[in-house]
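Notes to accompany the following structure.
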Amino acid sequence: MTFQQQPRYRPSIIVLHWLTLVLLVAVYATMELRGLFPRGSATRELMKETHFLLGLAVFVLAWLRLALRATGATPPITPPLPLWQTVLSRVVALAMYGLMLAMPVIGYLMLNASGTAPSLGGCRLPLLVGADPALGERLAAWHGAIAMAGYGLVGLHTVAALYHHHVRQDDTLVRMSLRR
């Protein structure tokens, strides 16, 4: 079977997958790089605001991706996976979607609990919870722990895709490739 004949995801799903990757890299980069700048500096604040906006974009894209996946068929993997790999891939996908949906919500609530009302395009967004420093600290701990788990999930997803492509030599990676 030639590359063009292999079953693939719809172009919209493929583009959103890779756009999500770019956004996730940027989300993590803004938080990792903010430490290079002094607390209270304009650049550090810009990094935090950018992190918030990118996280919101990931949240929206995750819902869009779920809607698109619900309305279309998933192309089969050739040759078919063993049951344990199918189950594991679904668990990892569920965890990744959970991360992309939960992290922005936890981050937003964390800001609220610290007394901050984030803005979007200069418009202040509503506070969903009142100022509560103890809650803010708990949410910050969850946000950080889930972020660390995100590194593991993305790493596992990447290693699995490369394993399927180079070792197992199935079409898992090809189904999501940007190439036609």
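First residue shown is number 1, and so on along the chain.
Just so it is clear, glycine is given a Cβ too, placed from its N, Cα and C backbone atoms.
Feature annotation from TrEMBL assigns domain 'Cytochrome b561 bacterial/Ni-hydrogenase' to 8-176.
Annotation comment: TrEMBL describes 12-31 (among others) as transmembrane segment.
Residues or ranges marked as transmembrane segment in TrEMBL: 51-68 (among others).
Same-chain residues lying 6 or more positions outside the transmembrane segment (88-111) and placing a CB less than 8 Å from one of its CB atoms are 20, 24, 52, 55-56, 58-59, 61-63, 65-66, 81, 117-118, 125, 128-129, 135-136, 139-140, 142-143, 146-147, 149-150, 153-154, 156-157, 160. The transmembrane segment annotation in TrEMBL covers 88-111 (among others).
What TrEMBL records for 140-163 (among others) is transmembrane segment. Same-chain residues lying 6+ beyond the ends of the transmembrane segment (140-163) with a Cβ under 8 Å from its Cβ atoms: 24, 28, 31, 89, 92, 95-96, 99, 102-103, 106-107, 110, 114, 172-173, 176.
Long-range contacts of the transmembrane segment (12-31) within the same chain, counting only residues at least 6 positions beyond its ends with a Cβ under 8 Å from a Cβ of the stretch, are 47-48, 50-51, 54-55, 57-58, 61-62, 64-65, 68-69, 72, 100, 147, 150-151, 154, 176-178.
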